[in-house]
Amino acid sequence: MELNQQNHIDDPSEWPEEFPGMREIDTRLRCPICYELLSGSLMSTNCGHVYCSLCIRRALVTRKLCPCCFEPLDEHQLVLARQLDELVEFFRTSRVDVLNALRHSTSSSFDSISIEESSQIDSTPQETIKTGDKDSNFPANLSKTDRSSPNADTDIYVECPGCQKLIQGSKINWHLDNYCKNSDFADGLQNKKTKYRETTKNKGIVRDGGNNDLGLPSTGTRNQLEARHTEWVSRYFANEDSINPKSHNKLLKELAQWEANVQKTASSGFANKRSGVGKKVVDVIGPSFNSEDYLAANADVFDELKLKAQQNKGKRKKADE
């Protein structure tokens with residue numbers, strides 16, 4: 001079946017088993033929080049982990065830790081990985097076409113490629129290194145890059161927003177503070193700080209239910225007002241990081257849709273209907289939100305989603321056969 005943007009599941013498991021490398025690339029280009037392809041990629045200068053801008057900003061509202069390794073992390077320790085964003089965007093636009101091309105390849109072509117490659121390997125003499133394991137023989141001509149350390153993999157090079165030089169992510173802060181003297185960039189940083197102050201200074205006004213300059217609604221409970229503003233700040237700066245930024249009105253519409261979905265989930269008793277009568281619906285927008293309580297309250301829902309995913313995977317395998 002021909003894949004298109006509507007009928008595919010957008011998951012690394014879509015790649016044929018004959019191409020494990022493509023599955024790995026697909027996995028590595030996804031955010032470890034939402035598991036979608038990265039958007040507005042931000043990298044931690046502490047540990048090198050990369051997330052979607054909106055995902056990591058939301059996570060840091062709850063606790064100032066890296067979600068992957070739990071190293072201390074704050075927003076000022078995040079840098080924009082623009083080249084990675086461009087790579088992800090190219091991968092996103094060509095992904096379905098590449099998948100279709102691979103699916104149309106016949107099994108006979110795979111066999112011929114395998115035979116040709118194996119004959120080339122057999123004709124190339126390689127010295128093997130014996131290890132303690134009798135069955136473990138490794139080619140002696142492996143390059144050093146094949147045995148690179150984990151640190152080399154995680155320390156991604158990012159483009160300095162001031163001088164456009166490629167700098168190791170772990171050294172970008174030092175570079176900006178001590179080496180990069182681009183005055184235009186310094187002015188840009190100051191402008192961004194000013195935007196941040198202008199965006200966040202309204203929080204006190206929003207808490208009191210008064211008018212604000214951001215165009216946000218001033219209705220609802222105190223918790224809803226604060227949650228709405230917190231979500232807005234995350235979305236605003238994620239949009240600043242995006243390679244394809246949206247208009248202010250578009251952001252406001254998406255914020256309204258987000259809040260409507262949250263309210264609908266809470267008011268319809270989602271957890272009660274799907275996870276058993278008598279369970280408390282968790283407030284997912286209030287400051288008292290607890291992830292462990294939420295997971296416990298919706299355990300049956302998650303199990304059902306896992307089962308559906310497994311069934312869909314089975315159907316897809318049968319369709320491929």
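Glycine is no exception: its Cβ is also placed from the backbone N, Cα and C atoms.
The compositional bias 'Low complexity' feature in TrEMBL is assigned to 114-124. Taken from TrEMBL, the feature compositional bias 'Polar residues' covers 138-150. Sequence annotations record features per position, and here TrEMBL assigns domain 'RING-type' to 31-69. Taken from TrEMBL, the feature domain 'UBZ4-type' covers 157-185. Taken from TrEMBL, the feature region 'Disordered' applies to 114-150.
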Summary of DSSP states over the domain 'RING-type' (31-69), given as helix, strand and coil counts: 10 helix, 7 strand, 22 coil
Overall pLDDT of the domain 'RING-type' (31-69), taken as the mean: 91
